[in-house]
């Protein structure tokens, strides 16, 4: 084994490069296996654990250190084995290569021998070329053979070397053979250990799996039950909805009729209003015309009066001047008097008008009040109904303090003494009753004076004359519906039954059944939110409001009507409800409830509604402020204590209500239950306190009962007084105002408490201190205040003190009483047990709070001796705690009636977690250790407990080592570590000795960790120069514990640098552009590292001086563009890079918004369609009802009984509604939204308006490499030299947006024909909150786009329209950008358009349209299509050559049969025309427009008036009224009979002669037919070398489709004497056949020259073809054949 250990150590020395991290990883894995064996988490039985221990006992146990050695040894042995295998592989490869080389040598030798033989053979044959070729081949083979021999020698050397290496490896393997065998044995042992552990884990997992399966089955069963319940509820809901739908259907017809009548009335009113206005305008016009003359006359009169007045004033002035008076003064005085008189008259008239107006208003108000009283009589005071509305004051409950403890004594009758002056008038009692009425403020409360009746003054009104008027008043209650007397005045019982049935029918008509999908709706049709309208804790005089949402939960449409509220709530509750009318399922409406309390009483009622499916109600509750009192615990247990010890415990009294009250806390029992004794104690020589004197055990209970009774009598008497005074308080407070109800109650409570205190202090026979001593004789007493006040929503502490003086158990009861009459008293019970041990510890529990490991904590233990002699005590600490806790001194003497202090030292060590498992909880860290004080000559020791919470002092990092990697000197690298406080106490920490190139944040590495808190710290590495950094970061806690982190990094000096590492861009509006420039600088011009820093990676080689390339890699999705992104910078130069920022909205966000917009639009469309269908259905039902009504009217005259039946059946058979509610719209998938669609653009515009400012940062890497690089992605760079450019990009909301074309910023004029002009408008809007001035960029002056109007100043939310004209001048795509500049942003408008040359195509082949043949006197029509191939609409016009003005000029040219390849002269397309002057060809329509990609069908008609085969015309198509674009020729023929034969050579000219034709000879025999012209067919056979080709020619036989009904619709043909043609070499196929009307068939004529034919002689023959159609005729076919050369 020593040898093996030496070898293992040598192996470890040979592998020093194994990283520490890997070793730690292996160690952690192995430790985990070891801890599993000893862990207590596995839930196995003791027997299983014993079996495992017994099984593994005889085997060797592999420790974790041995496992590490085994791992390293196995790794080394595997490396040796791998080395040997590699050597063997190389040896086999070398040997295989040597074998191939030798085979190649043999092959080359054989080839050389064969070539040498061939050379000798060629020399013998004197074949010089072959000998030379073979000689060169032989030389080449010899060279290859020589090279192969050299290669063979080299391979042999390699083989020998490989064999040596293999032998060496085998020897090395042999050294460790024994070690490997031992390793295999140890690995088997270790594998057995692992198998055992895995078996244990497997059994535990199986157990857990079984438990999980049981839980899963239980969960499945619960889920199935819940699913079944849900299905049942769904069925019930569907059934309710169906019934609701059935009930709702009954209202449809009445609603339709009501709506129709309403519409008719509105139309009638509208017509009357219009007619009234027309009449008024006509009258006004007449009045204006009639008053014009009167106006002129009045103006003339006014002028005359003014002239006369001026003359009078002038005369008056002359008279005053003649009398030597002051004319101006007198005239001014007269004018002032006149003006004053006018003002007085105007004031009097205005005063009269004002009086009249006031009187009119008073009359109107009186009339309005009368109407209001008639409409709302319950809002006004009525003597007959006031008593029914009075609310009786609530009875006050007396304060009950000792109901559960003692029985009440009979109250002595006390005479009632009342002041008679309080009841001077009977109306006073009425006022007291009216004080509780809700309308006491508005009713007349005038009291009669006391002097009116002297007799009543002396009357004693202490007792009422009638008992029912004061305290036995009962409010009026409305009788139920069944008890209402429905009998009319003077009516009989039959009339009463008829009225009852009528009312029942009316009720049944209001409520209907709602049925949907075959199920009737049952239940509450509307759900309210909240379910109960609760006004909680209200104050009188204030106003409260609540909003209630009513939701239609029925199946279909429903209605809701507010019917009222509970009668006694109408004085306080006001409702505001606007009937919503027809409500679909799921819709909501609002109800506003206003509560104005005027009395301090609880109110309950409900708000009732009537729906289409029946009535429903919402509960309404109004509660006053109340006390909600409770205690934290009703049992106070002091446990076991020693006599003379004082313990304090308290309970918390909590008031959760909104009303405060006064609290009295007192003790009511305890004396009778104390076990009093004067027997000797267990020690025999210890005396107790002499509080009870010489009371014997026999007399103690009697005295106790007597004392209790006396005390209780004295306690009950003041309570009776309080109850008696309560009635006086109520009588006196009845005259107070209602608004001060709460304050009055509080004042009365205060008076009660003061009276109670005075009674306790004055009427008790003994002093208060003596009474307390008597009550605390059992050791229980109250601590703190006995009388206190608890505020609303607060709590107070009730303290009880336990200070026993005699041993025994005590059970005492306490009462918590309240002045609030509605609050019940609370009983508390306190239990304690007193013992008489002479030595006792003041603190039974020594709480050391929270303690840290390896820290010293001290405390003092005070031991008391109540004995009369000194005692010896010994402090004992349990064995497990002796290493951690110490009590000094261990032994001491306590003097009589004295104290002794001991020192406790607690120093917890880490082993406390394992050694103190009995007293220590590992999970919580709580230590609860019992301590014993042994007293000499005392059997029972004194025990106390030491409590402490032990916690760690560790600060733990989540990593031990930090590798910052490579970082350039221009940047920093941040690593985040997590620091965890393992302690449950806060700890301060700080990083000390931090290097200058390292920064720790936050707080510069200093801070405080809360208990068990984990924070993240950023460690920033900022290298100053290029080198390798290795350092240690030290973190210390406040208790001087140090925690370290090993760090390393490499500083890099890149060859290039950036002018700015961080770029702050200006705030850029969405879809705007912001640009800036950064420079890439190459400052590396010298490789001298001693004069200045040089570029290098750590301590690596220096970068070469020369051109250096860079490449920016912008992250995907970033709205940034860098140009150029790739470049090369020469030494000492710099390169500018443009950074372009264009913020845009996220495409996914736009798609989601577009999908939501599309879904809302679809829902609105379906809703509108549904409403339209409802209206149409209502109209149809109303029409059907009218028809049924008219039918009933006709049938009503037959018989009365039949009429009644028909009415009954008509009422029952109401057609059900057939309109289904709108379906639920499925939300549209965002991926289905097409980019650029209307929904997409609208969503983009909406998001732009709602956009809020945003900020984003992008980090762009810049790769650097030496050399030149042009293309992106081809730069061979080092990742360590990478630079990083940080760009801060703030994005803001744009100031301008486009609101036209759904917000598109691109205006596409699409395709426009060259020379055409298109005008479009773009509307922009200012969406900012400030005024902006606009200016536009210049468009291309030579371009097709022109802005026609100027920009103007835009106010917030205002808009402006820009007009753009597009006129293309050539065929190409045009695009320009019009920029609208704002103060803070730029709006770019893209203008696009395309100049297009219109292109069309015709459905005519070869520019020829043959209309075929027609019979003379008939016509034919055919169509062709003009297809628009261009992307814009085309205007076309069709022109015929026959109607052209240039027809005569074009016909003057040379005829076509005289032209010989004259391409200059265009052919004349006009042929034979009609003799009657009408067009033989016509096209319809002549002109029109063809949409883009569309087509136009044109009908061509052929109507000749004589027989000819040469009808033709030219057609020209012009586009946009310009020159000719397309042309083709029309052809047609006219036949005399339906059958014709055509083909062969032309025998007549195509152009008819214009000369006068000679008169035709009149045939004497009219039955004789004219012979048709013959057909000449020329066949040419080509002569070749030894043979002649076969000549073939086709002629056609056709049948004209005639419009005559009597004619045959097809024809036949046949050739005669065809056999005679065979000798000449002619063949005709087919020789006969049938032709359908309107068709042609080809007849093939073939000529094969006979063998003896003379090639210089032409062969000519003829054959007759018989045509059978409307007539039978024969056509002669002349055949001519000759042989021609090629």
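Please read every residue number as a count from 1 along the shown chain.
Including glycine, each Cβ sits where the backbone N, Cα and C put it.
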TODO: From the ranges 688-709, 754-775, 776-797, grab the one TrEMBL calls region 'Disordered'.
DONE: 688-709
- [ ] Look up region 'Disordered' in TrEMBL and report which of 292-351, 352-411, 412-471 it refers to.
- [x] 412-471
Task: Matching range for TrEMBL feature annotation, region 'Disordered', among 1135-1180, 1181-1226, 1227-1272, 1273-1318 - done: 1181-1226
TODO: Among 630-660, 723-753, 816-846, 847-877, find the range that TrEMBL records as region 'Disordered'.
DONE: 723-753
TODO: Tell me the residue counts in helix, strand and coil for the domain 'HYDIN/VesB/CFA65-like Ig-like' (1305-1393), as DSSP assigns them.
DONE: 0 helix, 49 strand, 40 coil
Task: For the domain 'CFAP74 third Ig-like' (839-951), the number of residues DSSP places in helix, strand and coil - done: 7 helix, 63 strand, 43 coil
Open item on the list: Per DSSP, what is the helix/strand/coil residue tally across the domain 'CFAP74 fourth Ig-like' (957-1051)?
Closed with: 3 helix, 60 strand, 32 coil
- [ ] For the domain 'CFAP74 second Ig-like' (629-837), provide the mean pLDDT of the predicted model.
- [x] 64
